[in-house]
Each structure stands twice: as C-alpha cells, then as structure tokens.
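Over in TrEMBL, the protein carries these features:
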- 121: active site, for sulfotransferase activity (ACT_SITE)
- 121, 122, 123, 124, 125, 204, 212, 314, 329, 330, 331, 332, 333: 3'-phosphoadenylyl sulfate binding site (BINDING)
- 315-324: disulfide bond (DISULFID)
- 112-354: domain 'Sulfotransferase' (DOMAIN)
- 37-56: transmembrane segment (TRANSMEM)
Ligand SMILES: *[C@@H]1O[C@H](CO)[C@@H](O)[C@H](O)[C@H]1NC(C)=O
Ligand SMILES: *[C@@H]1O[C@H](CO)[C@@H](O)[C@H](O)[C@H]1NC(C)=O
Ligand SMILES: *[C@@H]1O[C@H](CO)[C@@H](O)[C@H](O)[C@H]1NC(C)=O
C-alpha cells in the first residue's frame, strides 16, 4: 500500500515524456534557411578564388612557388622590408646593409651573379639601394673586399659565399666593392669564379669624383680640426704647376685605363655603365636600363622616387613616408680654386673621350 502510493508520484506524466527531444533534433545551424546556406557557400568560394588569384600574382612577381612572403613593392608596409631600407639608407656612402638575411625555406646562399665593381665615390651606394627595391635582387650586407684583399681572397670562394644573403633560385645576388675596378689583379680572379658574370660600373664626372674622393679621405681630419693638406696642394705639382698624375684621386678618375684591365678578361657586353649623374637626377630612367641589363622584369616604379626640393635630390617614396639618402651624401665639398677645376677638366678631357669611345656612350662631362 505504502509503495503503490509513492510510485505514481515519481512516474513522469504521459504528456511530459522526453520533453526536449522533439526540439533538440534541429540545433541552431539547421534553423538556417536554404537561402542562407547557399549564400555562405558562395562567400566561401569567392574568398578561395580571391586568395588563389592573389597568391598566383605574388608568385608571378616573385617567381616563387608559394605565397607566404610578401612582395616588398606590392606590400610596402611590410615591416621587415622597411627595416631593411632604414638600415640600407642609414649611411649613403660608407657602410652598407644589404638584403635582410632571413632563411626562408627553399633559399640558400649563392655566389654573386653580378658585381658592382666601381667607381669609388661614383654613386655605387645609391645604385645598390635602388636595386634593393627589386624583389628579385638580393645584395651582400657589406663591401666584401674579397677579390682585392689578399687575406680575404685566401679564405676561398666558400668563405665568400657564406657572407652572401640567402636567396631563391631565381633571385640575383649582387655584391659591391668599388675597389675592384681599380686593381689590375682583380679581373682575373673574378673571371676564375664566373666568366659570364655581369658587371655594373657607376661612372661620374672624374673631376667631381676626385674632389669627392679627397673629401671623404679628409673628412675626419677636417671634423677634428687636425692639420690636413688642401685638395689644391695634393692635386697640383708645385714644380710643374700641372696636375699631379701620381695622386690616387686623379688616377682613380681615369676610367679607360681601369676598364682596359677588365676588357682583357670580359667582353664589353658583360658590362653596364650607369651614369652617376643620372642616378641622382633621374633615378627611374637609369634604373630601368639596369633592370634591362640584368634581364629582370621591370618592378622599380616611377613613384618609388620622389624629388625633395630642399635637399636637391631624390628620396624613396614608401607606403607611409619618405626615406631620404643620409647626410654624408650631401657632405659639403670644399670650394676648390676655379683654376684648378679648369686644369682638371682639361686634363681629363682626352681620357674621357677615350672612355666614351670604348663604351660607345657620351656621358657629357665638362
Ligand atoms: C676583407 O678585408 C678587409 C681588409 O682589407 C676588411 O676590412 C673586410 O672586413 C674583410 N671582409 C670581410 C667580410 O671580413
Ligand atoms: C655566372 O653569371 C651568370 C650571369 O649573371 C649567371 O647566369 C650564371 O648562373 C653564373 N654562373 C654561376 C656558376 O654562378
Ligand atoms: C625634404 O628634406 C628636408 C630636409 O631633410 C626635410 O626636412 C623635409 O621634410 C623633406 N620634404 C619632404 C616634402 O619630404
């Protein structure tokens, strides 16, 4: 009696059996209408197509098979790239930071397929900085002085390669050491490494170059107010009152002699001469020719450059700011006696004409 009385109390009421079951058969997602589901699928497919197209374009530009790394020009906001540029432009003339040295998959260190061999104070630094804008170019972080320095050279090509940045198979590795152009034992060594290597030479008005050479060498002395010889004292021979031919700043400005040493090993078609004047005054046009010489697709664009009137030279236009070549580029040349300038112009005139004939281009120096 007692049990029977309790039982019905705990038995579920007939209408309340499995009360939730009928509703939980359809969770939230299945409440969506067919229309909404189709809409979602369309959005999903569109996103995939968009990503594929983007990836394909990037790979085309970079010649890469995957799309994890961004093209620095298409995506100039990439922090890595900006940092690299900052460093690159940190000092226009003397120090040099090359491409960022990250070891992506499928990259390795390659010996340079192109060298910037000269000339000292010609604008090689600007050339390398501008070349760095190109996604298919990587540059060595320092002037290596591999071929001109006995100690470095004796360490061998493997040592040299280990100092090159990582690069993809289709990228061009470039090293610049302006001293290479000058020393007569360098061409043979470069030839031994790669007889079909491409050679870039930035040339500039030899008179300006000589003064600039002097200015750099004496800059520290001038800065510290140490006694130093003037340009005139060094460049003019007291006895003859003529140009002192043995002065290195003069000798380095005679381009045809240095080129002759190189032409013993390499045909002219392996050289490209960059006008240092044009590089400053019309960088886009000059870089276009360099891209052509290197068989690179044109990627350096007009609006990568921006003329800063107060500075009087081009700066690089980046996504969110401008980046200008650093101060030492604008290092003040001393006021050289105009008579000495005239003498230099006269002295270099024949040498320049010889050089123009050799390379088949008139650079229009005074
Ligand atoms: C090569 O030798 C020069 C000395 O002439 C040195 O300053 C330079 O750092 C050397 N290069 C490297 C990568 O060590
Ligand atoms: C030599 O340089 C040429 C021109 O840049 C390049 O195509 C070639 O791959 C280089 N050879 C080697 C072995 O690096
Ligand atoms: C040009 O260079 C000057 C001097 O460095 C700088 O102060 C100025 O902001 C630059 N002008 C522009 C428009 O970038």
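One is the number of the first residue shown, and numbering goes on along the chain from there.
Glycine residues also receive a Cβ, built from the backbone N, Cα and C atoms like all the rest.
Residue environment of residue 212 (3'-phosphoadenylyl sulfate binding site) contains 22 other Cβ atoms, counted within 10 Å of its Cβ in all protein chains.
Summarising the environment of residue 125 (3'-phosphoadenylyl sulfate binding site), the number of other Cβ atoms within 10 Å of its Cβ, over all protein chains shown, is 26. For residue 123 (3'-phosphoadenylyl sulfate binding site), the count of additional Cβ atoms within 10 Å of its Cβ stands at 28 [all protein chains shown]. Cα spacing between residue 212 (3'-phosphoadenylyl sulfate binding site) and the residue listed as 'active site, for sulfotransferase activity': 6 Å, rounded to the nearest whole number. For the pair formed by residue 121 (active site, for sulfotransferase activity) and residue 333 (3'-phosphoadenylyl sulfate binding site), distance between Cα atoms is given as 12 Å, rounded to the nearest Å. With every protein chain in view, the residue among the recorded positions 121, 333 whose Cβ has the most Cβ partners within 10 Å turns out to be 121.
According to its DSSP assignment, residue 315 (disulfide bond) is in a strand.
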